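The following block contains the structure, expressed as structure tokens.
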Amino acid sequence: MPAELLLLLIVAFASPSCQVLSSLRMAAILDDQTVCGRGERLALALAREQINGIIEVPAKARVEVDIFELQRDSQYETTDTMCQILPKGVVSVLGPSSSPASASTVSHICGEKEIPHIKVGPEETPRLQYLRFASVSLYPSNEDVSLAVSRILKSFNYPSASLICAKAECLLRLEELVRGFLISKETLSVRMLDDSRDPTPLLKEIRDDKVSTIIIDANASISHLILRKASELGMTSAFYKYILTTMDFPILHLDGIVEDSSNILGFSMFNTSHPFYPEFVRSLNMSWRENCEASTYLGPALSAALMFDAVHVVVSAVRELNRSQEIGVKPLACTSANIWPHGTSLMNYLRMVEYDGLTGRVEFNSKGQRTNYTLRILEKSRQGHREIGVWYSNRTLAMNATTLDINLSQTLANKTLVVTTILENPYVMRRPNFQALSGNERFEGFCVDMLRELAELLRFRYRLRLVEDGLYGAPEPNGSWTGMVGELINRKADLAVAAFTITAEREKVIDFSKPFMTLGISILYRVHMGRKPGYFSFLDPFSPAVWLFMLLAYLAVSCVLFLAARLSPYEWYNPHPCLRARPHILENQYTLGNSLWFPVGGFMQQGSEIMPRALSTRCVSGVWWAFTLIIISSYTANLAAFLTVQRMEVPVESADDLADQTNIEYGTIHAGSTMTFFQNSRYQTYQRMWNYMQSKQPSVFVKSTEEGIARVLNSRYAFLLESTMNEYHRRLNCNLTQIGGLLDTKGYGIGMPLGSPFRDEITLAILQLQENNRLEILKRKWWEGGRCPKEEDHRAKGLGMENIGGIFIVLICGLIIAVFVAVMEFIWSTRRSAESEEVSVCQEMLQELRHAVSCRKTSRSRRRRRPGGPSRALLSLRAVREMRLSNGKLYSAGAGGDAGSAHGGPQRLLDDPGPPSGARPAAPTPCTHVRVCQECRRIQALRASGAGAPPRGLGVPAEATSPPRPRPGPAGPRELAEHE
């Protein structure tokens with residue numbers, strides 16, 4: 001400003017009623033008494049020093065600002081303060097900034113004395129009737145603030161909202177906003193803070209009304225209190241939108257209160273591009289650190305910047321006025337009617353001021369209201385505050401391209417969502433080492449993997465936490481909801497990701513995405529599976545008692561068969577009737593060993609070489625064969641069932657069977673969708689089931705699926721639950737089975753608060769995961785791998801060693817016993833042969849063992865040692881004739897031995913002395929028995945050949961002096977024939 005112009009300011013009028021303007025004096029009324037306050041004192045000092053430093057004038061013409069403190073907002077104290085200001089001869093009064101009632105009193109007194117009043121606070125309401133001499137206001141008018149809020153609501157398409165008022169006159173201040181809701185017929189609920197200044201009840205009402213847009217009309221301190229309480233109630237999530245009318249929004253410290261995903265909008269008038277703005281902020285910061293080290297400096301308050309601009313505006317107006325006339329000051333008093341004669345002129349010049357200050361462009365209309373200014377729209381972000389748009393005083397709203405939008409992909413990107421869930425296998429489970437982990441890493445499961453896929457697809461972050469009461473959600477008698485539904489309604493969570501069933505009743509209070517899994521209600525019950533198959537499972541078809549009785553029956557049949565064969569004369573017969581020499585020798589094939597072996601062959605269905613002859617033995621055999629036929633058939637039929645399919649005994653087969661009986665209890669999860677299904681069902685069977693479950697004591701409802709499974713396994717209890725969880729638990733426990741089919745059809749979805757802007761985007765993401773088969777892959781990951789096979793797989797399964805390994809053990813044991821018996825027989829036979837042949841046992845054993853292990857020899861000669869004493873008598877013809885037949889081969893009964901003792905079978909030996917040794921036997925008669933055995937035919941053929949020479953070694957006298965010949969082997973058929 002030119003020095004010559006300011007020199008005019010210090011020239012006093014010659015009028016006798018005015019004093020010479022020795023200095024440009026102003027009065028500032030401050031209603032903030034704290035040193036660490038809004039910085040208004042410092043702002044006034046900065047403005048004064050800046051003006052006085054630029055203008056080189058004498059000290060008596062310098063700008064002076066007298067500060068008066070207002071202790072409380074009262075008309076009496078304000079009037080008293082004004083009475084102290086008037087005698088000082090001020091050209092203008094500034095403030096107060098935060099006391100509309102006091103500001104109204106100051107305006108009234110200044111109007112009476114015609115002293116310009118510069119308002120730096122909100123406009124009083126109701127506005128005083130327009131006077132001839134009025135004040136000017138640097139603060140935005142109520143109409144402008146109301147219009148700005150209304151335009152923001154329309155821009156973001158917020159149909160309904162709730163207004164929290166700190167004072168009753170807020171409806172008048174926001175008259176344009178209320179009028180806009182009335183015209184659009186949208187809902188605007190208004191709630192007033194009481195004298196306690198506790199916003200908690202109001203916030204709870206808003207939460208219960210499911211309103212997501214909240215407008216707060218209060219100063220900075222009360223707005224901060226409301227947001228802090230909202231954070232405690234979980235109402236600062238991404239689903240809530242806050243719009244604050246205070247112009248001190250930039251200095252609100254919200255980082256420790258709200259979340260990163262919160263949507264909080266406010267206004268700012270600061271012109272950050274002003275050349276003096278950095279110096280202004282730095283000076284306030286330095287002053288704050290010198291005087292207020294205990295608290296954090298949050299930034300400059302709007303009232304401080306308005307005080308700074310007010311000083312410059314008054315100086316500019318006085319400068320313009322001084323160009324046209326000389327002005328002077330006049331001391332005034334409250335008790336006199338005198339006025340300042342230059343006040344009206346200065347007021348007119350004030351309305352014509354155009355100034356670019358710290359709060360932007362400063363201009364006034366004819367009513368003294370600020371015009372041609374802008375309001376910066378800020379959004380709270382992780383980096384502080386982000387400008388998302390500008391509102392112009394000509395009622396124009398310009399939003400930036402990076403602003404919030406209803407486009408879901410933009411709102412979800414880089415957001416941190418609170419996700420509530422509940423522990424339910426296999427959807428959400430704790431990891432085995434969850435205590436050593438933190439955050440989302442503590443959990444695993446199908447829903448956890450699906451949420452991770454969604455977060456990667458939509459680029460948002462999330463924080464998993466368990467629902468406080470451990471319930472899915474059901475309505476209470478008072479209208480509230482429990483569980484995850486209640487947390488979504490109360491906006492404590494942004495999403496609910498779990499085995500969350502979509503129901504019509506829940507859809508009324510919350511939103512759901514499209515189902516990510518389709519299922520239905522099923523019945524889970526336990527079955528008796530019997531013991532686990534073992535190596536001796538082939539014994540399972542019969543009980544131990546049956547096996548015992550079968551053994552006793554076998555022994556009884558063997559004994560009866562032995563006795564019947566011994567008693568019946570038809571079982572005694574001559575085995576070789578063609579040998580006429582001893583016709584009275586009879587045999588019985590049913591020895592004790594054969595009697596024990598014959599039932600075994602029949603039982604094993606392999607037969608035996610022993611055939612019954614008598615009617616009694618045939619009767620015993622037939623009865624035993626009939627017995628074994630039934631036993632073997634029954635065993636074969638039961639063996640397949642026992643080794644391939646375990647027995648399952650289920651007393652009920654459907655929901656109707658379950659409802660018609662009372663022996664088996666049944667229930668659902670408490671406060672779950674299944675319980676709600678039966679509660680609201682109109683089907684008669686389900687109504688009866690609900691009446692039973694509701695009236696049954698003790699309660700049949702359980703708190704979790706694990707508790708229901710344990711109750712099923714430990715008692716007669718049927719559990720009603722979703723089919724997917726039914727399938728999962730059946731795979732883990734083979735003693736569980738599903739009864740009947742599905743009772744209904746429904747789906748699992750992701751829950752969100754009502755009106756959530758994320759619904760469409762999450763639904764599209766779920767559909768994309770289904771199309772990519774990602775959800776099916778996740779299901780196979782968490783459902784497969786159980787201990788029990790699928791019940792739908794009816795293909796025949798091969799039997800393993802655990803089923804039939806016992807029969808191999810029996811076979812091995814039988815082979816070991818057979819080898820042991822063979823060894824014992826070998827030792828016993830070798831020992832007897834050694835005694836008869838008069839050789840050592842070891843020599844005989846080695847000789848016999850050499851023949852036994854020879855692979856090429858299939859026959860051998862019976863070795864006989866020639867005795868060292870007198871020569872034995874030659875084998876007589878009678879001995880040859882008494883040779884017995886066994887299995888179609890001829891064996892010698894031994895020289896000098898008894899024929900009856902030579903063969904192993906029982907026989908009847910009648911005393912039949914043979915013919916004299918010298919007599920020639922008579923010619924044999926042909927064999928006349930009905931059935932001629934093979935050996936008889938061979939003997940007849942030998943006789944018919946007519947060979948009369950005696951065989952070698954037969955008929956030679958014992959006294960012969962010829963050298964001894966080697967021991968002959970067994971006599972062949974031809975030798976026998978020649979001997980005869």
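Using N, Cα and C of the backbone, Cβ positions are placed for all residues, glycine too.
In case it's useful when we look at the structure, here is the feature table from Swiss-Prot:
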SIGNAL    1-14  signal peptide
TOPO_DOM  15-544  topological domain 'Extracellular'
DISULFID  Cys36-Cys292  disulfide bond
DISULFID  Cys83-Cys334  disulfide bond
DISULFID  Cys165-Cys170  disulfide bond
CARBOHYD  Asn219  N-linked glycosylation site
CARBOHYD  Asn271  N-linked glycosylation site
CARBOHYD  Asn285  N-linked glycosylation site
CARBOHYD  Asn322  N-linked glycosylation site
CARBOHYD  Asn372  N-linked glycosylation site
CARBOHYD  Asn394  N-linked glycosylation site
CARBOHYD  Asn400  N-linked glycosylation site
CARBOHYD  Asn407  N-linked glycosylation site
CARBOHYD  Asn414  N-linked glycosylation site
CARBOHYD  Asn478  N-linked glycosylation site
TRANSMEM  545-565  transmembrane segment
TOPO_DOM  566-622  topological domain 'Cytoplasmic'
TRANSMEM  623-643  transmembrane segment
TOPO_DOM  644-803  topological domain 'Extracellular'
CARBOHYD  Asn735  N-linked glycosylation site
TRANSMEM  804-824  transmembrane segment
TOPO_DOM  825-980  topological domain 'Cytoplasmic'
REGION    891-927  region 'Disordered'
COMPBIAS  894-903  compositional bias 'Gly residues'
REGION    944-980  region 'Disordered'
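Walk me through the surroundings of each of these features.
Within 10 Å of the C-beta of Cys292 (disulfide bond) we count 15 further C-beta atoms, all protein chains included.
Look at Cys334 (disulfide bond): DSSP puts it in coil.
Classification of Cys170 (disulfide bond) by DSSP places it within a helix. Sequence-distant neighbours of Cys170 (disulfide bond) (same chain, 6+ apart, CB under 8 A from its CB) are Leu163, Asp217.
Cβ neighbours of Asn219 (N-linked glycosylation site) (same chain, under 8 Å, six or more residues apart in sequence): Ser98, Ala166, Thr246, Asp248. In the three-state DSSP reading, Asn219 (N-linked glycosylation site) counts as coil.
Cβ-based neighbour count (10 Å, all protein chains) for Asn271 (N-linked glycosylation site) stands at 20.
Note: Asn285 (N-linked glycosylation site) has non-local neighbours Tyr297, i.e. same-chain residues 6+ apart with C-beta under 8 A of its own C-beta.
Mapped onto three states, the DSSP output places Asn322 (N-linked glycosylation site) in helix.
Cβ neighbours within 10 Å of Asn372 (N-linked glycosylation site), excluding its own Cβ and spanning all shown chains: 14.
For Asn394 (N-linked glycosylation site), the number of other Cβ atoms no farther than 10 Å from its own Cβ, over all displayed protein chains, is 10.
The Cβ neighbour count for Asn400 (N-linked glycosylation site), using a 10 Å radius and every protein chain shown, is 12.
Annotation for Asn414 (N-linked glycosylation site): same-chain Cβ neighbours under 8 Å, separated by at least 6 residues, are Arg459, Phe460, Arg461.
A 10 Å cutoff on Cβ-Cβ distances gives Asn478 (N-linked glycosylation site) a total of 5 other Cβ atoms nearby, all chains included.
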Other than its own, how many Cβ atoms are within 10 Å of the Cβ belonging to Cys165 (disulfide bond)?
20
Could you check what DSSP calls Cys83 (disulfide bond) once collapsed to helix, strand or coil?
helix
How many other Cβ atoms are found within 10 Å of the Cβ atom of Asn735 (N-linked glycosylation site), counting all protein chains shown?
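Other Cβ atoms found within 10 Å: 15.
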Determine, from DSSP, whether Asn478 (N-linked glycosylation site) sits in helix, strand or coil.
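Coil, per DSSP.
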Would you report the average pLDDT that the model assigns to the topological domain 'Cytoplasmic' (566-622)?
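Mean pLDDT, the topological domain 'Cytoplasmic' (566-622): 82.
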Would you mind checking how many other C-beta atoms are within 10 angstroms of the C-beta on Cys83 (disulfide bond)?
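A count of 14.
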By DSSP, how many residues in the topological domain 'Cytoplasmic' (566-622) are helix, how many strand, and how many coil?
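Here the numbers are 25 helix, 5 strand, 27 coil.
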If you draw a 10 Å sphere around the Cβ of Cys334 (disulfide bond), how many other Cβ atoms fall inside it, taking every protein chain shown into account?
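Cys334 (disulfide bond) is surrounded by 15 other Cβ atoms within 10 Å.
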Rounded to the nearest Å, what's the C-alpha distance separating Cys292 (disulfide bond) and Asn372 (N-linked glycosylation site)? Just drop the number here, would you?
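Cα-Cα, rounded: 36 Å.
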